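Pulled from Swiss-Prot, these are the features on record:
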- Cys74, Cys111: Zn(2+) binding site (BINDING)
- Asn161, Trp164: riboflavin binding site (BINDING)
Amino acid sequence: MAKKVAVLAVNPVNGCGLFQYLEAFFENGISYKVFAVSDTKEIKTNSGMVLIVDDVIANLKGHEDEFDALVFSCGDAVPVFQQYANQPYNVDLMEVIKTFGEKGKMMIGHCAGAMMFDFTGITKGKKVAVHPLAKPAIQNGIATDEKSEIDGNFFTAQDENTIWTMLPKVIEALK
């Protein structure tokens, strides 16, 4: 039986990255639910398209056991994350990431996804692919220059243009 995936979409989210995951999951019969890293289900893509997703991240807290994997879908919200780190939805984001990681669930992400995983301490000793500008921020994991890395339960890609290099392995692991 296919696994169930919690997809985190920051606001704004990179639509190119988000929809690669969603379309691949849909086409392969993998169940997913999209959670806005926001206080509302209405978010935007980097290009301004309005999306209404399934739920908000606050409602994922405490329900981590209902999912087998977590996707962090990056976007323009990440470069300004530090300015908004104390917002309840970003506090929830970090708690949810840490909980999924500590439970050994599949951790999937691109661009700054590995950096967000690393901030929680769950990447210790794991090879991760991350956006080149975020590479110096990796303190626990091992940042590489590869387009994507798969190390244990971590599936990471440098950016939305390299998700395709890991997506077949992500789908295989989720089926």
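Using N, Cα and C of the backbone, Cβ positions are placed for all residues, glycine too.
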Trp164 (riboflavin binding site) - helix vs strand vs coil (DSSP): helix
Asn161 (riboflavin binding site) and Cys74 (Zn(2+) binding site), Cα-Cα, nearest whole angstrom: 12
Cβ packing number for Trp164 (riboflavin binding site), 10 Å threshold: 13
Asn161 (riboflavin binding site), number of other Cβ atoms within 10 Å: 14
Neighbouring C-beta atoms (10 Å sphere around the C-beta of Cys111 (Zn(2+) binding site)): 27
Cys111 (Zn(2+) binding site) versus Trp164 (riboflavin binding site) - Cα distance in angstrom: 13
Inter-residue C-alpha distance, Cys111 (Zn(2+) binding site) and Asn161 (riboflavin binding site) (nearest angstrom): 9
Cys111 (Zn(2+) binding site): secondary structure state under DSSP, collapsed to three categories: coil
